[in-house]
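Chemist: Here it is: the structure, laid out below.
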Amino acid sequence: MAKGEDIELKEDKIAYDPDFKGPIHNRKCTDVPCCLLFIVFWIGMIIIAAFGFANGDPFRLINPVDSMGNICGELNDGLYGDQRNNSYLFFFDITKCDPVNLNCLQTTQVCVPECPTASKFVGVNMDYDEAICRYTFAPSDNNELEDFVLNGTCAPYQLQSTTFLKRCIPDFSVLTQNFSYILDGNTVEVAGVNLTASLNVLLDFFNTAELSGQVLSDLEAAWVYILAGCAIAVAMAFVWLFLLRFIAGFMVWMTLLGALAGSAAATGICFQQYKEHRDLSNSLPYNLHFNTIAYQEYTFLVLGIISAVVCFVLFVCVVFLRNRIKIAIEIIKEAARAMAAMPSMIFLPIITMGALVAFLIWWIWVAAFLATSGEASFNDPYGLGVNITCTPPADQSEPTNCTFLGYTSDSLLRSFQIYHLVGLFWTTNLLTALSQVTIAGAVATWYWTRDHKNLPWFPIIGSLKRALIYHLGSIAFGSLILALVQVARVMLEYIDRQTRTSQSEFVKVIVKCFRCCLWCLEKFIRFLNKNAYIEIAVYGYSFCHAAVRAFELLTRNILRLAFVDKVGDFVIFLGKMMVACTASVLTWYILKNRSADLNYFMLPVIVVAVFAYMIAKGIFSVFDMTIDTIFLCFCEDCERNDGTAEKPYYMSEKLQRIVGHQNEKPAL
């Protein structure tokens with residue numbers, strides 16, 4: 001029985017093919033229907049974009065809009081629509097704005113030709129002809145002005161203002177000097193409005209806005225140093241890849257041994273502390289037992305058990321699974337050699353990132369048109385209910401409390417927006433997958449070339465051509481599957497947010513379970529897609545065939561996969577941290593003598609650290625794909641060949657020694 005099982009296992013393995021010499025050249029187009037579906041889908045994207053361009057106006061999201069839904073500074077349809085001479089938005093009572101959500105629905109907003117240049121208050125220093133009122137309303141004297149203020153037709157006060165995104169915002173740098181009594185705890189009321197408390201709240205918000213301005217100023221002043229820090233990050237990433245060929249093993253083993261020693265020490269310390277706390281607890285009289293001592297006692301016990309388990313697992317890995325760790329280390333070194341042999345691969349993520357940025361700019365632009373393609377909606381903030389909708393009057397003589405709320409979407413527009421969302425995920429996934437297939441094809445060409453001196457000129461270009469000509473359908477197939485899961489996650493998050501206040505505890509648990517399942521499903525599909533793309537790049541399979549073949553190959557090498565994956569992730573993480581830390585430290589050293597020119601000296605350093613990490617992530621994403629490709633090629637090499645003269649291995653001699661096999665030397 002055991003012998004039969006062994007024969008069956010061998011039959012599942014990849015058979016030797018004397019004609020196989022790496023990525024095949026005689027290919028055919030795969031998953032053509034998916035390619036056509038993607039093209040048709042993009043035709044739909046263009047139609048939806050045309051609909052948005054015809055019906056929407058993204059400047060409605062940028063330019064200020066008054067309480068009647070008119071864009072300031074433009075000719076609008078409807079009531080009070082001609083606002084071409086009124087480019088700025090004035091708030092009747094800015095203290096009613098919500099500075100957290102940037103929401104001013106509780107106060108009237110009108111377009112004005114300019115913002116107030118002096119602070120004036122009704123009944124104090126404002127004349128009737130200086131008042132700002134609703135369109136077409138003008139008081140004839142100060143008494144009528146007070147009546148208009150009481151019924152909400154005119155603003156009770158005007159504060160010296162500055163403009164921010166064409167909105168009149170109080171100039172607190174002036175107010176704190178000339179009206180300090182308002183901001184120092186003295187209660188000041190104007191037409192029933194308590195300015196003291198409200199302005200202090202707004203002052204906190206605009207202090208934050210001032211901080212934002214200082215941040216932007218620092219970024220502008222230090223942009224050369226930030227650029228230099230990014231250049232340092234690129235250089236350090238290449239240095240790290242070069243050093244990996246020599247220090248990968250040292251780093252991994254030192255980390256494992258250090259973690260083993262650390263977990264052993266933690267185990268001893270935790271159990272020692274547990275014993276001391278237990279002895280202290282036992283030595284106290286029964287009526288003097290303290291909960292704190294008991295909590296600390298059990299905390300050290302739990303930590304000691306966890307540390308002991310970690311120590312045991314690490315000990316098993318180091319002693320019994322060291323050969324698989326050696327394989328993982330050598331595959332990482334092979335990946336570094338492959339990237340050194342094909343440095344042009346580094347430029348691929350730059351091209352991919354450029355394509356992604358260009359698409360995202362276009363997608364956001366179309367989304368802005370779609371967001372403003374609906375009908376304007378209004379509500380009555382002074383109504384007796386919540387979200388009371390209303391319709392602005394057609395007659396200018398009628399006063400109204402209707403306030404512009406936003407733009408509503410009907411079922412057709414919502415369908416267009418969901419379609420546009422699917423296009424976002426599908427297209428970004430496809431661009432990323434195209435990069436992965438291209439890298440996999442180039443790395444596989446390097447692996448399956450016995451003499452690397454015979455490596456084709458720019459294998460990355462040949463791999464890209466094969467992917468575009470033959471396998472765009474398969475790439476679209478895998479990208480669509482991932483996109484559908486991502487859209488499902490977004491829709492679940494949206495539904496959860498919309499119904500969160502009315503959910504029972506049971507429903508909340510169910511939603512969390514679904515979120516967890518979708519997250520796990522997305523991770524699995526990403527993993528399967530990546531390995532399927534490698535098979536597509538090497539053999540030219542369709543997506544489903546490639547996914548099944550890759551999954552079977554990986555399950556036959558599950559322990560090797562686990563170690564290569566985790567060791568690779570660890571080395572890449574160290575690389576990212578090294579690049580980010582080195583670039584930020586060097587930037588700090590350069591800037592330390594120039595700190596007087598900046599408001600926040602550490603801001604450029606932090607920005608460089610973030611950008612350096614992102615740069616390292618982009619470069620090491622190529623390295624990660626290279627590791628996965630070489631690992632899959634290594635697994636196939638082990639199954640295809642046996643080291644004989646007829647079936648020699650393609651792997652390096654070091655890998656051959658680790659797996660316990662070597663190519664036979666040719667007979668003299």
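Residue numbering: from 1, along the chain as shown.
Just so you know, glycine gets a Cβ as well, placed from its N, Cα and C.
Feature list, courtesy of TrEMBL:
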type	residues	note
TRANSMEM	34-54	transmembrane segment
TRANSMEM	222-243	transmembrane segment
TRANSMEM	250-274	transmembrane segment
TRANSMEM	298-321	transmembrane segment
TRANSMEM	342-365	transmembrane segment
TRANSMEM	418-448	transmembrane segment
TRANSMEM	468-488	transmembrane segment
TRANSMEM	570-591	transmembrane segment
TRANSMEM	598-616	transmembrane segment
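I would like each feature placed in context: is it buried or exposed, what are its neighbours, and how far apart are things?
Modeler: Note on the transmembrane segment (34-54): residues 366, 369-370, 373, 416, 419-420, 422-423, 426-427, 430, 472-474, 476-477, 480, 543 of its chain, located 6 or more positions outside it, place their CB under 8 angstroms from a CB of the stretch.
With a cut-off of 8 Å between Cβ atoms, the residues of this chain six or more beyond the transmembrane segment (222-243) that come close are 336, 339-340, 346, 575, 578-580, 582-584, 586-587, 590-591, 598, 603-604, 607-608, 611-612, 615-616, 619-620, 623.
Long-range contacts of the transmembrane segment (418-448) within its own chain (CB-CB distance under 8 A, at least 6 residues past either end) are made by residues 20-23, 38, 41-42, 44-45, 48, 334-335, 338, 341-342, 345, 348-349, 352, 355-356, 359-360, 363, 366-367, 370, 455-456, 459-460, 462-464, 466-468, 471-472, 475-476, 478-480, 482-484, 486-487, 490, 529-530, 533-534, 536-538, 622, 625-626, 628-630, 633-634, 637, 650.
Sequence-distant contacts of the transmembrane segment (468-488), counting only residues of its own chain at least 6 positions beyond either end whose CB sits under 8 Å from a CB of the stretch, comprise 27-38, 418, 421-422, 425-426, 429-430, 432-434, 437, 518, 521-522, 525-526, 529, 532-533, 536-537, 540-544, 546-547.
Taking Cβ pairs closer than 8 Å, the transmembrane segment (570-591) reaches residues 222, 225-226, 228-230, 232-233, 236-237, 240-241, 244, 248, 251-252, 255, 332, 598, 601-602, 604-606, 608-610, 612-613, 615-617, 620, 623-624 in its own chain, all 6 or more past its ends.
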Chemist: When you scan the chain for residues with a C-beta under 8 Å from the transmembrane segment (342-365), skipping those not six or more beyond its ends, what do you find?
Modeler: 58, 238, 420, 423-424, 427-428, 431-432, 434-435, 438-439, 442-443, 446, 455, 458-460, 618-619, 621-622, 626
